[in-house]
Amino acid sequence: RPLMLHGHERAVTKIKYNREGDLLFTASKSSWLNVWYSANGERLGTYGKPATDNEPGYGHSGTIWCLDVDWMSQFVITGAGDNFMKLWDLETGKTLSSVATKSAVRSLGFSFCRNLAFYSTDKAMNNPSEIFVIDTRDRDSLGKSTAFQTELHSNEILWFFFTREISDTMPRYFFFLPEGNQPVMKFDNFYDKVTAGLWGSLDEFIVSGHESGALTQWCMKTGKQIDKSDSDHTDSIRDMQASVDGTMFVTSSKDCYSKLFDTDSLECMKSFKTDRPVNSAALSPNFEHVVLGGGQEAIEVTTTSARQGKFEARFFHVIFEEEFARVKGHFGPINSVAYHPDGKSYSSGAEDGYVRIQTFDDSYYKFKFDF
C-alpha cells in the first residue's frame, strides 16, 4: 500500500526530494509548503502560514508554483503567484529573503554550488517573461531589481538585469554595472514565456523551456543564447527534470509527449508518446526507466470518471520507448512526479490534493524487458 499524504487543501503543484531522499517537500495552491519524512509519511513541518482573524500570516499569499532544495539541505527556495520568490532556512522554517517580482514566478532552481539560483517570471500585465539569476549569499541585495551576478574575471563583477521597452516587440537584455544604470550590452533573443528550467553542466549555462515548446540554452559567462531547439515539442513544456548525473534531462509537454534530451547539445534522443497531456516526468537513478504523470485538463475533470481521465502514472523503458507499467490511485491529473534518490520508490502529487509515496515491490526489480 502506498503512503497517502494529505497536508494541502488544494491541488499539489510541485514535489521535490532533497539530495539524501529522507525529506519530501510538497507545494500546492494552498500557499504553504510542507515537508515530510519520506520513510513513513510523517509531516515534519510547514513553511508559511495563512492569515486568520486573530493573527497575521507569513510566507506566500498565492499559489506556490515551484520549489527547490540545495544539495546541502540547508536552504529552500519557492516561487509563487503572489509575485514573490522566497529563500527559507530549511531547519527552522524562517524566511531569510524575499524577492519581489513584477509577475508570478513560474520556475526556479539552485545551482550545484548553491551560491547561485535562477528564477523565471510569467508574461503578464505588459511585463515580459524574464529570467533572473541571484547570488544567494548576498541577502541584502536579493530584494533589489539588479538581480543577476556573474563573475567575468577574477576581480570583475558584472550585474545583469533582464528587461524590455514596452514599445518594442522583442524583449531586450541589459547589463548594468554596480555604479550606474547605463546598459553596456543588450540582446534581442528572448521571445517566449518561460515555463520550466534547469541548470546545465557545471553550472555553465541554463536551459529554459517555453510556452511554444522551444528549448533554449543561456550562457552564464556572456549572457548570450548558445543553442535553441524549437521543433521537438509543439506545445507548452510543463516540467523539466535532469538525470542523476545531469548529462540528460526529460521534458513534459502539453502536446502529449515526454522527451529525453542531451543537456549540452539539446539533441532529442528518445520520445515517449501518451494519449493525454504530460505534466511531469522523472528519470530513475538506477534503471533505464522514466515515470510520466498527467491526465486530462483539470477544468474538464468533473465531466469524466477517474478511468476516463487517465490519471495513472505510466512507466516507460528509456531505451525501447515502450510502456511497461501503470499505477492508479489519483482522482485528478498528476501535476508532479519524483523518483526517490535511491530509486526504490517514487512520489506523485495531483490535483486531488494528495501526495502518494509508492514503494516498488520485488516484481519491479525482477522485471526484464524482452528484446
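Placement of Cβ uses the backbone N, Cα and C atoms for every residue, glycine included.
TrEMBL annotations: computationally assigned, not manually curated.
If you check TrEMBL, you get these features:
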REPEAT    5-46  repeat 'WD'
REPEAT    57-98  repeat 'WD'
REPEAT    327-357  repeat 'WD'
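Broken down by DSSP into helix, strand and coil, the repeat 'WD' (327-357) contains 0 helix, 16 strand, 15 coil. Cβ atoms under 8 Å from those of the repeat 'WD' (57-98) belong to residues 13-14, 16-20, 23, 25, 27-29, 31-33, 35, 45-51, 104-110, 112, 114, 117, 119, 136, 139, 142-143 of the same chain, restricted to positions at least 6 beyond its ends. Residues in the repeat 'WD' (5-46) partition by DSSP class (helix H, G, I; strand E, B; coil) as 0 helix, 22 strand, 20 coil. As a summary of secondary structure, the repeat 'WD' (57-98) carries 0 helix, 23 strand, 19 coil according to DSSP.
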